[in-house]
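*Asks:* Straight from TrEMBL, here's the annotation block:
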TRANSMEM  37-58  transmembrane segment
TRANSMEM  70-91  transmembrane segment
TRANSMEM  111-139  transmembrane segment
DOMAIN    118-272  domain 'NADH:quinone oxidoreductase/Mrp antiporter transmembrane'
TRANSMEM  151-174  transmembrane segment
TRANSMEM  194-216  transmembrane segment
TRANSMEM  228-247  transmembrane segment
TRANSMEM  253-273  transmembrane segment
TRANSMEM  285-305  transmembrane segment
TRANSMEM  410-430  transmembrane segment
Amino acid sequence: MNAIVSAFLLLSAPGLPLLLAFPALHTRLPWPVHMALLPAAALVFIPVDLAIELPWFWQSAGLGIDAVSRWWLAMSVVVWGVGAAFLPVPTKRDACNPQTSLLLLFLVGQIGAVLATDMTVFFGFTTLMGYSCIGLLLAHGDETTRRAGRIYLVLLILADILLFEAMIMAAATTEHLDFATLAKAMTLSSSSSFYLSIVIVGIALKVGLWPLHLWLSLAYGSVRPAMALLLWLGPVATGLLGGLRWLPLGELAAPMAGAVLLAIGAATILYAIRSVLWVQWKQRLVCVVFIATGSFIMGLGTGLLEPALWNQYGDSAHLFVTTVGWGLALMTAGLEWSKAGGEASGPRKENRIELAVERWSDAFIRWGRRTGNETLPGLRASWFVRWGGLRQKRGWQNAFDAGEYFLQRWPIAVTLFLLLVIVTVVLLLLDAM
């Protein structure tokens, strides 16, 4: 594929949600998160490996997509589509919702981390993702959720310090910080053990592994299932992706680090199994998340213990996370639909009372009409004429309001869509030349 086309597609995947994060744009568009996912969804269905370099950011920095990252991107698109579909939206048109901007910045960081091909770009996008996630938690009205955000803020600062130190160590070892060169370079470093230690601790702080899971438990117990799904995709799943890319799996045998990861993964699974007996069935999604996370951590530990085994079966880790993500998306959709059905069936008694009141009111009005027809026909006729005029005016007013709303809202969306079509056609013509 032409270099211009590949650069446009890769840059638009995090660039479009970053552009829509401005309130002046996303407040005038329907479903801004789903519209921001369009470039990422297009990359999923293009069966070509793409890569671009960003030398202005850092040497060997870049974005790219291959067969492995395409699985992660496909899972991310599905999870974001499901999660954003069930999140609350502003009821008033053109209303500015700060949480929408934070959610779009969260999307920028998560998609950018999936497409990153080196440590610096991955670190930058995950930092943006982490602090946007904290903003979403702190903007929540529940005190438990805000407490989870404050705890995660402390853990994230410590994790960023450790991972930044690991990045400096890697830069001192090799000039190229792309993931393909990093794994081989760290096997030759004299400080590889210390590098593994700080990376493991940093990933544990970001992901919320046991015993650092307090903020995850608090957040999962207080937010709605759609937000819990996005919390899993962001800090947890993307943090596990960082473990895959930052650790020299299949290149270096580290028995001590591997044993520590196996122990942490097993403890996380045991904690989740014990919690199943105490939580309600709607909160068992949290237990599924902890079991999947613990299993993945045990897989990373096995990769450090047995590099040959990881080289043989390591590709299944990406399929495992993708399957878990799609399964969690289906579970979340089911929970949200059941919750919506419960909320709809709750006020049935109130609806019956309202219907009874309406019936009695209609009966009283019919009696008044019959009375007026017999005694005051002139007053009744004038009242009906005025009522019909008011209804007609109200209908025209609603029609004009709907037309004005359509004209104010959709030209921007249509203009952006036509601009995207024009740019795509031009790039395809350049690719064909």
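Using the three backbone atoms N, Cα and C, a Cβ is placed for every residue, glycine included.
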*Asks:* Short question: which residues 6 or more past the ends of the transmembrane segment (151-174) have a Cβ under 8 Å from it?
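*Replies:* The answer is 119-120, 123, 127, 130-131, 133-134, 137, 181-182, 185-186, 188-189, 191, 194-195, 198-199, 201-203, 205-206, 208, 212, 214-215, 218-219, 235, 242, 246.
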*Asks:* Below 8 angstroms Cβ to Cβ, which residues of this chain, lying six or more residues outside the transmembrane segment (285-305), approach it?
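*Replies:* Same-chain residues near the transmembrane segment (285-305) but 6 or more away: 196, 207, 209-210, 213, 216-217, 220-221, 225, 228, 232, 236, 240, 243-244, 247, 249-250, 252-255, 257-269, 271-273, 275-276, 279, 314, 317, 320-321, 324, 327-328, 331-332, 335.
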*Asks:* Can the transmembrane segment (37-58) be said to touch the transmembrane segment (111-139) if we require at least 3 CB pairs below 8 Å and skip pairs under 6 apart in sequence?
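*Replies:* When sequence-distant Cβ pairs are counted, the transmembrane segment (111-139) touches the transmembrane segment (37-58), since at least 3 lie under 8 Å.
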*Asks:* Hey, would you say the transmembrane segment (111-139) packs against the transmembrane segment (253-273), going by three or more CB pairs under 8 A that are 6+ residues apart?
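*Replies:* These two stretches do not touch.
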